[in-house]
Amino acid sequence: MATQNVDSGHEDMVHDAQFDYYGKFLATCSSDKMIKIFDVGGENPQHLVDLRGHEGPVWQVAWAHPKFGKILASASYDRKVIVWKEVGNNSWSIIHQYAGHELSVNSISWAPHEFGLSLACASSDGSVTIHNYNNNVWEAPQKIQVSQIGVNSVSWSPAAIPTSLVNSANTIIPAPIKRIVTGSCDNLIKIFKNVEDKWILDKQLEDHKDWVRDVAWAPNIGLPYSKIASCSQDRSVIVWTQDENGVWSGKPLPKFDDIVWRVSWSVIGNILAVSCGDNQVTLWKEGVDSEWKLISHVENN
């Protein structure tokens with residue numbers, strides 16, 4: 001695949017860039033308070049529109065599944081979460097806005113589309129809010145108190161049930177349970193599950209020695225386990241695996257040379273991308289011996 005360079009046109013640091021579901025559109029956000037959308041489906045990227053609505057640096061953007069239309073969420077230092085929707089050709093409107101967090105909103109994550117249009121938002125105030133759209137109305141958000149200090153990242157579990165690929169044809173597969181994982185400034189990873197429309201703490205994972213900067217739940221194609229990647233200010237990445245008995249165990253990757261800011265899984269969950277503060281991105285894959293091995297290395301200039 002040929003590499004494309006996109007001149008974002010932002011006037012300050014770019015904090016996030018996300019492709020839509022089909023890889024045709026790219027959204028970027030910046031400390032200049034702006035969100036920009038580009039058409040990258042052709043040979044030359046084309047800037048389409050600027051979205052203005054935030055009053056501070058915009059940390060993250062996230063595309064919803066296309067079954068709901070062309071919808072983009074954004075999170076900002078201004079304590080606001082905004083959900084945008086394209087209502088005409090390059091014409092976007094705000095369809096939901098929430099300013100109830102007391103401090104910066106650091107991370108946002110859309111639920112798998114099987115769970116409906118649902119957005120999780122993690123904040124420096126120590127909470128995560130869940131925003132659900134039902135019956136043409138945005139419901140009052142559900143609030144989860146995660147930590148006494150800030151939450152840096154949130155990620156949804158996939159809707160696929162572990163072991164569904166290997167179960168026999170006569171096995172009754174239970175409905176998936178809504179779960180999220182968070183990473184916070186108390187060095188902890190916490191997993192919450194939704195039981196009778198209430199979010200309860202399911203598991204706490206404790207191996208990091210400094211702030212957890214990012215968490216990412218791996219896609220699941222029906223194999224008999226779940227995986228979560230976490231990264232930290234302590235320069236470590238840990239891949240957590242939940243076995244068939246529900247027990248979580250962590251496997252650390254080799255120590256990195258700088259703070260690890262982001263982790264991201266490939267579409268089928270077999271390759272992990274790791275982004276560090278020294279501008280290096282590395283790709284890792286689990287071997288047959290269950291050890292994670294470096295398969296590619298990219299240094300950004």
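For all residues, glycine too, the Cβ spot is worked out from N, Cα and C.
Annotated features, as they stand in Swiss-Prot:
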- 9-48: repeat 'WD 1' (REPEAT)
- 53-94: repeat 'WD 2' (REPEAT)
- 100-141: repeat 'WD 3' (REPEAT)
- 146-202: repeat 'WD 4' (REPEAT)
- 207-250: repeat 'WD 5' (REPEAT)
- 255-294: repeat 'WD 6' (REPEAT)
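Here the repeat 'WD 6' (255-294) has Cβ contacts under 8 Å with residues 213-216, 218-221, 227, 229-233, 235-237, 239, 300-301 of the same chain, all six or more residues outside its ends. Remark: secondary structure over the repeat 'WD 5' (207-250) totals 0 helix, 22 strand, 22 coil, with classes taken from DSSP. Per DSSP, the secondary structure of the repeat 'WD 2' (53-94) breaks down as 3 helix, 24 strand, 15 coil. Over the repeat 'WD 1' (9-48) the predicted model carries a mean pLDDT of 94. DSSP places the residues of the repeat 'WD 6' (255-294) in helix, strand and coil in these numbers: 0 helix, 22 strand, 18 coil. In the repeat 'WD 1' (9-48), the DSSP tally of helix, strand and coil residues is 0 helix, 21 strand, 19 coil. Residue counts for the repeat 'WD 3' (100-141) under DSSP (helix as H, G, I; strand as E, B; rest coil) come to 3 helix, 23 strand, 16 coil.
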